[in-house]
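Asks: Got these off TrEMBL a minute ago, pasting:
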- A:Asp153: active site (ACT_SITE)
- A:Gly75, A:Glu98, A:Ile99, A:Asn130, A:Ser131, A:Leu150, A:Thr228, A:Glu229, A:Glu230: S-adenosyl-L-methionine binding site (BINDING)
- A:1-18: compositional bias 'Low complexity' (COMPBIAS)
- A:1-21: region 'Disordered' (REGION)
Amino acid sequence: MSQNPKPSSSSSSKSKSSGLPRKRFYRARAHSNPLSDSHFPVPINPSLFNLSQHYPHFFPDRSNAPKRIEFADIGCGFGGLLVTLSPIFPDTLMIGMEIRDKVASYVDERIRALRTPLGDYHNISVVRTNSMKYLPNYFEKAQLSKMFFLFPDPHFKEKNRRRRVISESLLDEYAYVMKVGGLVYAVTDVEELGEWIRGCLERHCLFQRVGDEEAAGDPVAKVLESATEEGKKVLRNGGQTFRCVYRRIAA
Amino acid sequence: MNLCQTMEETLIDEAENNGRDGEVAPALIAVHPLEKFVAVAIGSELRVFDLERGFGTNLLDDSGASQHSDSIRTIGFSASGKLFASAGDDKLVKVWSTDSWQCIHKVFSEKRVSAAAISCDDHFVSFADKFGIVWIVSLKENERSDKGTQILAHYCSIITSLEFSPDGKFILSADRDFKIRVTVFPKKPLSGAHEIQSYCLGHTEFVSCVSFIGTSEYPQGFLLSGGGDSTVRLWDFTSGTLLDTCEVGAQAGILGSNGDEGPCCHAVTDICASPDGSLVAVAIQRQVSNLHGVMLLTCDLSSRRLSVSKVVTMQETFIPSSLGMSVSGENLWMVSGASNLPGSVSSALARVKVISRLKQMPDSSELEPAVLEDNEVPGGTKLLETLQGSASIAQEEETLAAAAEAVKTAMRNLLIKRQYSVEKRELRKKSRNDRKLKQ
Ligand SMILES: C[S@@+](CC[C@H](N)C(=O)[O-])C[C@H]1O[C@@H](n2cnc3c(N)ncnc32)[C@H](O)[C@@H]1O
């Protein structure tokens with residue numbers, strides 16, 4: 001276990017492309033935490049999640065209502081979705097959450113390399129974390145307007161289903177960080193998983209299905225299948241995909 | 001994902017292994033809201049003393065079986081005092097009527113139970129298992145079931161404390177990952193508790209205990225929490241706002257300069273508070289210390305501030321593992337002890353002490369909180385005989401010292417996740433076969 005609260009997502013201390021220091025500042029715990037099974041720092045609460053490290057172009061934000069992250073890509077993998085959505089919503093802050101250290105640092109470098117002085121790709125960033133455990137450490141109640149779950153790991157085995165990134169109990173947490181009216185998008189190429197996800201959302205009292213017609217008119221829903229690395233792979237192999245879009249509704 | 005799987009397996013292995021090797025279980029104490037009864041759990045044994053009648057109570061379970069067959073991990077009276085719940089490693093949740101001390105309902109859990117609570121209207125019992133899942137069972141005659149229904153879950157984290165807010169609107173669950181989750185307790189709890197009201201996030205180590213305070217002036221009330229970071233925190237739990245933090249470790253000067261104390265050596269292990277906040281008792285676990293006892297704080301509800309009022313010191317060997325108080329807040333009940341002591345003949349040793357707020361000090365006319373002598377304890381030696389297992393336990397210094405040591409170990413094991421080396425993690429990952437399924 002790393003004694004250092006230094007985020008392991010930065011393999012070098014400086015980015016070659018931008019020369020910016022890459023170390024992100026989290027509120028470090030005073031000592032290595034024997035209870036924390038995580039090998040990465042986690043902000044103690046959302047107010048301590050340092051946005052200016054992630055979106056320096058937008059901070060400091062001296063307006064009355066400082067910008068907040070609105071979109072979260074859960075298990076973002078190599079970041080294709082963030083990169084696709086960034087120019088479509090240039091003023092919206094988005095974050096990818098990825099548990100694999102190397103993958104998260106790759107996305108970090110990818111975004112840094114894409115950023116231009118004009119402000120392109122400054123609205124997207126990535127954090128290495130376990131979204132199944134620490135979501136409330138990053139987002140306030142009713143903060144997010146969109147959450148994405150693209151091609152999540154299937155966990156076929158019966159006893160491993162509890163590890164699925166969408167489950168009835170995790171949906172409680174997703175409902176908490178989402179604002180009423182916000183949308184959850186899930187896409188998978190595994191039919192069984194698609195049905196499972198739909199079932200969980202369908203049963204949950206705080207989510208309601210968005211009809212196919214409405215989803216078809218949503219510019220975001222359109223890019224989902226093709227935006228990510230995993231999606232491209234499925235497309236190339238001519239695989240089928242299953243999509244569901246649900247709206248967070250009031251209690 | 002692999003990391004999470006590894007962690008989860010660690011957790012599960014740990015949950016399964018705990019206790020198999022005869023792990024010590026700290027003694028627990030619970031006080032009836034009107035101080036009619038005091039209950040102590042030690043190992044698998046439940047002892048109840050009837051303070052009104054002045055004798056030990058027999059607990060009746062019609063199955064004829066003993067009360068529990070493995071370490072009890074949680075006990076508590078319902079807010080009305082009519083019911084009492086006990087649960088633990090034997091995967092049984094028992095609900096007792098305090099009128100007859102009959103077991104009125106028994107629930108079978110699939111996993112060991114780490115926490116339990118009865119709803120404010122006495123209609124439901126809720127319990128948390130070692131997988132971080134919270135279950136509920138109706139206690140209404142026609143709805144009773146011997147299996148729980150899942151209402152919520154903390155992913156990959158053991159729940160250390162489960163409580164209903166005094167107004168019955170919320171169910172609170174605290175875990176080993178610094179979190180306190182405040183969930184709306186729904187009208188139809190059997191269909192799940194999905195609406196999260198807030199998270200109280202501020203602890204930097206595990207949360208071990210929570211306690212509510214509130215008066216008619218502050219009907220919504222406040223929450224107090226304690227944890228491995230040696231702090232007691234005051235929250236507006238409906239919004240999750242941290243109002244004040246009392247560094248009890250530092251305040252008592254027990255952190256000292258000895259830098260090699262682990263983070264949990266001065267963990268807050270239990271909190272007990274009078275409803276008006278005038279007395280907040282804090283049990284602190286210390287490894288190296290010249291101070292033994294409990295710290296008394298006061299919470300000023302109008303200014304929302306916590307302050308240390310007194311440290312009540314006790315003999316070396318008394319390290320309270322659990323605290324209890326009635327709503328009057330007059331007496332603070334404490335228990336020290338553990339079961340399954342290695343090398344000890346008496347397997348279930350407990351020592352009960354009481355701090356009274358109204359103790360007349362010998363050389364002053366003032367009343368101040370102080371430890372009562374054994375003969376001054378409500379219920380007297382009879383109570384001690386019942387709850388401790390022996391009245392003369394005070395003489396058994398050596399055994400008590402061993403118990404104190406064991407409690408330390410027990411609390412540490414209970415609250416700290418075992419560290420797994422990186423190599424071991426890697427090994428575990430390699431041995432996973434379902435990884436092949438992934439790209
Ligand atoms: C099959 S990949 C899909 C990646 C990406 N969404 C795509 O469509 O290309 C699933 C990703 O989720 C990540 N992941 C799994 N569990 C996670 C968790 N608990 N927290 C964060 N990321 C997770 C995995 O590391 C992996 O990169």
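Glycine is no exception: its Cβ is also placed from the backbone N, Cα and C atoms.
The structure displayed is predicted, hence computed values, not measured ones.
So that I understand the layout, could you describe where these features sit and how close they are to other parts?
Replies: Sequence-distant contacts of A:Asp153 (active site), defined by Cβ-Cβ distance under 8 angstroms and a gap of at least six in the same chain, are A:Gly75, A:Arg163, A:Arg164, A:Val165. Under DSSP, A:Asp153 (active site) is assigned to coil, being neither helix nor strand in the three-state scheme.
Remark: A:Ser131 (S-adenosyl-L-methionine binding site) has A:Ala72, A:Ile74, A:Gly75, A:Met97, A:Ile99, A:Val165 as non-local neighbours, by Cβ distance under 8 Å and separation of at least 6 in sequence.
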Asks: I want to check the contact list for A:Thr228 (S-adenosyl-L-methionine binding site): same chain, sequence separation of six or more, C-beta distance under 8 angstroms. What comes out?
Replies: A:Gly77, A:Phe78, A:Gly80, A:Leu81, A:Leu150, A:Phe151
Asks: Across all the protein chains here, work out how many other Cβ atoms are within 10 Å of the Cβ of A:Ile99 (S-adenosyl-L-methionine binding site).
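Replies: Taking all protein chains shown, A:Ile99 (S-adenosyl-L-methionine binding site) has 22 Cβ neighbours within 10 Å.
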Asks: How would DSSP class A:Ser131 (S-adenosyl-L-methionine binding site) in three states?
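Replies: Going by the DSSP assignment, A:Ser131 (S-adenosyl-L-methionine binding site) falls within a helical segment, counted as helix.
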Asks: Within 10 angstroms of the C-beta of A:Gly75 (S-adenosyl-L-methionine binding site), what count of other C-beta atoms is obtained when all protein chains are considered?
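Replies: There are 22 such Cβ atoms around A:Gly75 (S-adenosyl-L-methionine binding site).
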